[in-house]
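The domain 'KARI N-terminal Rossmann' annotation in Swiss-Prot covers 3-183. Under the heading NADP(+) binding site, Swiss-Prot lists 26, 27, 28, 29, 52, 54, 84, 85, 86, 87, 135. Residues or ranges marked as active site by Swiss-Prot: 109. Residues or ranges marked as domain 'KARI C-terminal knotted' in Swiss-Prot (evidence: sequence analysis): 184-329. Annotation comment: Swiss-Prot describes 192, 196 as Mg(2+) 1 binding site, evidence class sequence analysis. If you look up Swiss-Prot, you'll see 192, 228, 232 marked as Mg(2+) 2 binding site, on the strength of sequence analysis. Residues annotated as substrate binding site in Swiss-Prot, with sequence analysis given as evidence: 253.
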């Protein structure tokens, strides 16, 4: 591989086992990190606001829960796993006052460091450990003696051993069993945002909705359009997930593959590629981050409007009716109430 990859033999759990880790947040990643750290012999405290609904769950799982400020004061290593938009205030109010020399500040995503929303003091280590999978998978793989690949990055190495500490943390949550890839805060943040906006979320959702619209506007039944443009997408993505695009093409019919090869580049053409480059440029320049922070601080008016418009799209009502016919699909509470 062209990147540096670390495994179990490259990481020393001893670098973290003698120190206290505060996990700030107890959502998808927070619970997986905390429980796996504990099971790896690391002293863990959880930082949650007094009124957090996650406090009872963490306590039931045998973890000691403090306020974020109390956890930051007690810990040697502080892992922030709160949402991006909550991190700056959380850091300023609860963590910064207790971030004394020699401590380490860790992140699961580089957004706030990359865009200067958080500026740690120069006498602390700053690193990132980012599992490339949801928290439930991170935890399940750890319990099964396996692991989820992680990204690791060091932004600030005050101690001279920040990378070693980050690798020890990754090992404690199972990452080095699978492999830990070295990156930077900038690379992780920019590629993560681009993937979300241009491909995984924004690109895929827009492609599916537009395909549905083209078929229904041409007079085809919404139910059939839903199957062809959304439902069957999972079959294709699963094949890609298992073996890449080549595996998908090997597995589909020759008719489907010919249509893929001959028509796909007409849909996603050079103009689309240029617009994708423009999206990347907004990420690299900080334009997107500034826009999103301002939107959040203004109460998210555009976000709320766009979310409501998406929920009202005809594909949602059609999909709800069709999913009711599929006993194998776990339907959300909003569709089963």
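Glycine too: its Cβ is placed from the backbone N, Cα and C atoms.
The most densely surrounded of the binding-site residues 52, 253, judged by C-beta neighbours within 10 angstroms, is 52. Following the DSSP three-state reduction, the secondary structure of residue 196 (Mg(2+) 1 binding site) is helix.
Cα to Cα, residue 26 (NADP(+) binding site) and residue 196 (Mg(2+) 1 binding site) are separated by 23 Å. Listed recorded positions near residue 192 (Mg(2+) 1 binding site): 109 (candidates 28, 52, 109, 228, 232, 253; Cα-Cα distance within 10 Å). Residue 84 (NADP(+) binding site) and residue 228 (Mg(2+) 2 binding site) are 35 Å apart (CA-CA, integer value). Taking all protein chains in view, 14 other C-beta atoms sit within 10 angstroms of the C-beta of residue 86 (NADP(+) binding site).
Within its own chain, residue 135 (NADP(+) binding site) has 27, 28, 29, 30, 31, 32, 33 as residues 6 or more apart in sequence whose C-beta sits under 8 angstroms from its own. With respect to residue 253 (substrate binding site), the closest of these recorded positions in Cα terms is 232, chosen from 52, 84, 86, 109, 232. Mean pLDDT for the domain 'KARI N-terminal Rossmann' (3-183) in this predicted model: 97.
Residue 52 (NADP(+) binding site) has 109 as its nearest neighbour among the recorded positions 109, 196, 232, going by CA to CA distance. Fewest Cβ neighbours within 10 Å among the binding-site residues 192, 228: this applies to 228. Here the C-alpha separation of residue 196 (Mg(2+) 1 binding site) and residue 84 (NADP(+) binding site) works out to 14 Å. With every protein chain in view, the residue among the binding-site residues 84, 196, 232 whose Cβ has the most Cβ partners within 10 Å turns out to be 84.
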